[in-house]
Structures are given as C-alpha cells and as structure tokens.
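Student: Could you have a look at this structure, given as structure tokens, before my questions?
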Amino acid sequence: MKKTRSFFMVPYLAWIILFVIAPLILILYQSLTNNQGQWTLQNFQTYATSWTYLKMTLNSFWYALLITAVTLLISYPTAYILSKMKRQQLWLLLIILPTWINLLLKTYAFIGLLSRTGTVNQFLAFIGIGPRQLLFSDFSFLLVASYIEIPFMILPIYNAIVQLDPALVNASRDLGATNFQTFTKVVFPLTISGVKAGIQAVFIPSLSLFMITRLIGGNRVITLGTAIEEHFLTTMNWGMGSTIGVVLIVMMFIMMMLTNDRKKKRQEVLPNEEKTN
Amino acid sequence: MKKRRISSIYLIIVFALLYAPIFYLIFYSFNQGGDMNKFTGFTWEHYSALFADQRMIVIVLDTLLLALLSSVIATLVGTFGALGIAARKQKKMKSALLTLNNVLMVSPDVIIGASFLILFTSLGISLGFGSVLISHIAFSIPIVVLLVLPKVDELDPALLNAAQDLGATRWQTFSRVIIPFITPGIFSGFFMAFTYSLDDFAVTFFVTGNGFATLAVEIYSRARQGISLEINALSAVMFVFALILVVGYYFIDQYSRTRRQKRKHHQNETQNEGVMLP
C-alpha cells in the first residue's frame, strides 16, 4: 500500500521541488549575483540607496493600502447585508461571476468608460463639471484596482459572518447593547478573521498589479509589480528585478504574519483559499 | 423596515457597479459607430468580424486547449498529491507539505511569472506553448489539492476496511470506493484549474515569448492600441461562456451538497453532527 502511494506521489513531489522550491531559490540567487554569476550584494545596495526605488516602494505600498481600505469599506456592509438575504447562494454566485470575466476585459471596459469622450465624461459634462482627464490618473488606477479586488474582499468576510452564531447577537441585544455596540463589540471582533483573510487576498495582489498601471494608470503609478515586469521584460535587468521580487516576497510574509491567526489557521485556510484568487 | 430598504438600495448599487462595466462592453458591441461613446445603431458586424478573424480564432482555440490540457494534468497530479498528503501519518510532515502547497496560492502572479521565466531559461526550455502549458499546470495544482483534500479527509477509514474485508483488491478499493467518494472534489478542482488557466494574464505574459499568445495577452496588446469593438464582441461571447461555467460549477456544488446532506441524514441517528452551514 505504502509503495504504490509513494509512487503516485512522485509527480506531486516533483512539482513541489521544481515549481515551488526551485523558483524561490532561483529568484534569490538572481538577486544576489551579478551578470558574471559572482555573489554580491550590489543589487540590494542599489535598491536601498536609490531614492527612485524607495519612493516607488513606498508609493506602491501606499496605493495598496488605499485600495485595501476602499474595498474593505465597500465590502464589509455588502457582505453583512448579503448574509441576511434570502437565496444567498444565488447572490454569492452573482458576486463570483464578475471574477470569472477576464481581468483584461474588465480593464478594457474602463478605458472606454473613462476616456476623454467616454460615458463618464459625457455625464460630467451633462451635470456641468465638464470633461476631465480621468484616464491615466492616480484616481483611475485606484478606481479600477478597487473594482477588480472587491469580490475577493466580500467573499472571505461573508464566510466569516455566516459562521457567526446569531444567538450571540441576540444575547447582546437582550443585554441592552445598542446596535452600534453590538456591532463594534460583538459582530466585528468575531468576524475579524474574515477581514484579515480579505486584506490578505487584496493587499498583496494590489502591490503587484502591473497591467492596470499600464492601461489605466498610464504609468503614473509604478507598483512593485510594474517595476518587476519592466526589469524582466524591457530592460532585461533580471538581477534588479529579482531584488524587487525578493522585497515583494518579504512584504508578503510580513503581511501574512500580521493577518494570520495562529489559533484558527487550520480551519480557515481551506474555505477561504479556494476563493481568493 | 426603513433600514431594510436602505440596505437593499446599498446592495443594488454595489451590484450595479460590479456589473456596469461588463454590460457597458456588451452593449457597445452592437454599436454601429466604431467607438464606445455614442450608440448610433444596432449591428452584428463586430461579431461577424470577430468570427472572420482567423488570428483571433486560432488564439481562442489555443487558449481553450491550453486550459483543458493544463487543468486535466493538474487535476491528476493534484488528486494524487491530496491522497498522498492525507495518507501522511505525522502531523508535522502533513503541515509542511500543505505549507509548500500553498506557496503558489499566495504568491503574487508577477513573482510566479518572473521566477518561472528564470527557471525555464536556466533549464534551457524555449518559451512558447510548452512553457505556458507547464506554468499553467504548475499554478493550478495547489488549488486542486486544496479542493480534493477535504473530501479525502472525510473518507471514513471503516469504508476502506469494509471494502478490503469483502475481498476487494487494492485497485478495486481505489477505483470503486475512494475515487467515487472524492469525485465532487475532483470536479471542483478541475473547474477551478480550468478557470485559473483561462483567467491568467500575468504569468503567461512572462513566459510566453514571441510566437505564442493566449487570449488575455492578445487583448492586452490590442487594448494598448486603443478601442476596437471586436474586443467588445469577444467580451460578450466570453461573458456567456463564463455564465455557463459558473452555472455548471453551481450545479456540481449543489449536487455534492445534497449528497453530503443525505449522508449526514443517515448518520444523524447515531451521532450528533454540528450545524451545517447553508
């Protein structure tokens, strides 16, 4: 029994070694060597002393934070209301459906919507604010990125809210808590795990978005993702690209450590993970 | 009562915002004028242009083939991986494997793309359909494992013992007992892998090279040149396709749910089950 099992495990273990461990090592190796393959900290030195790189990192971090905050503000009430609706499966399906439309197509829609003569500007002209430059601005980047990330924030929060025992809410009301108190003292603390999972699902991808910065942001916002893509595919400076990649990976680990509950980890990984991409 | 109305309005607004861009695209795919600004008249011409576009059709077929191949292979590898992980007795080993499994789930696409690019170059694999296929298989495996594993964990060891007591060979136990039991998980894993592959842009963009393009990469290069209503027509077609996929997934999910509930029903007499979530 054991032998056959291990035999069938071979492709999976090979996958782990080749596509999980090896890429991580390779990216680290690239960042720590120069063109001649010698070990050096040159790349990290350049990164840490260059104001351009540091500013870009901070900028990217700031926008990811903004995107996460915006999606959280919109998603929490949505998830909460959803959890009180009838026919929840259907509503959930409607939330999931847009995530199955190719990302590029959704972004492309915004090119049309936000263009100088586009629908939004026609509306702005109609109410007298006049056509504005919407496309290729920081605002449009924030808008489109938030739009794309919203479902990934709603789903984990929703999962946490439906797991909340309604008896606790009733108890809190019976004991004389106002709605606001019930929310801040009971509902929110008990669903914080969903919020954390949502932040995890939104923040890291927001750091690494690169196609939206091109098509919508007009390269005004440079995220870590854009910088990596540029270094790998345009300037062919893989060492520096890998260095930024390592920075991104480190940020990811910090983020995960901040948002993972030790206690509940086991139960949470499964139901949430399947929807977070 | 008033509160309920406010929350309904809020929900409607959110849904309207979620769907507005999609319907906007579809709406203008029927526009006679060549842009997305003013609707001048109804036409099917962008659809006929789309279906006459040889390059586009080849790309769509390639993308579908890629999704199908990668999801089938990822499902196979992932299912055996899940069975293997579940069979591990030591907890530490199990959680180490799961952690490694989840690395690609949480890694940003750019990192996956860039590191795979380094991997392929250092192994001397040329960029093209092959490298894209390998990458898609690689990033689809963990989701298959995550969806199959709970099913394997639900498997009652008594069931396996019973099969063996009744004289089933190892292969028979596997094909007649284990596989049918975990089939719903395998199907959802396959579906997820399929959509991951269809949806991916970033990883493909890194490892595709010059000769081969998937739909997402093609849309990107066309969108950079500006608006073409052929893309709108394409998005309408893809919306319908996604709708079919979602409904399909929904039914598979419902099917496995009712089966689970039925089974729970049988067990109810003997043991007290926790509250089932809707």
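Backbone N, Cα and C atoms are what each Cβ position is placed from, and that goes for glycine too.
Automatic, uncurated: that is what TrEMBL annotation is.
Quick paste of what TrEMBL says about this protein:
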- B:60-252: domain 'ABC transmembrane type-1' (DOMAIN)
- B:9-30: transmembrane segment (TRANSMEM)
- B:56-85: transmembrane segment (TRANSMEM)
- B:97-119: transmembrane segment (TRANSMEM)
- B:125-149: transmembrane segment (TRANSMEM)
- B:177-196: transmembrane segment (TRANSMEM)
- B:202-221: transmembrane segment (TRANSMEM)
- B:233-252: transmembrane segment (TRANSMEM)
Student: Residue list, the transmembrane segment (B:177-196) vs rest of chain: Cβ under 8 Å, 6 or more residues beyond ends.
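Tutor: Answer is 67-68, 70-72, 74-75, 78-79, 82-83, 136, 139-141, 143-152, 154-155, 159-160, 163, 168, 245, 248-249, 252-253, 255-256, 259.
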Student: Using a threshold of three or more Cβ pairs below 8 Å, and leaving out pairs closer than 6 in sequence, do the transmembrane segment (B:202-221) and the transmembrane segment (B:97-119) count as in contact?
Tutor: yes
Student: Residues sitting near the transmembrane segment (B:125-149): Cβ under 8 Å, six or more positions beyond its termini, same chain?
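Tutor: Distant contacts of the transmembrane segment (B:125-149): 62, 66-67, 69-71, 73-75, 77-79, 81-83, 85-86, 101-105, 112-113, 116-117, 182, 185-186, 188-190, 192-193, 196-197, 200, 203-204, 207-212, 214.
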Student: Who are the chain neighbours of the transmembrane segment (B:202-221) in space, where the CB to CB distance is under 8 Å and they lie at least 6 residues beyond its ends?
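Tutor: Answer is 56, 59-60, 62-63, 66, 109-110, 112-114, 116-117, 120, 126-129, 131-132, 135-136, 139, 231, 234.
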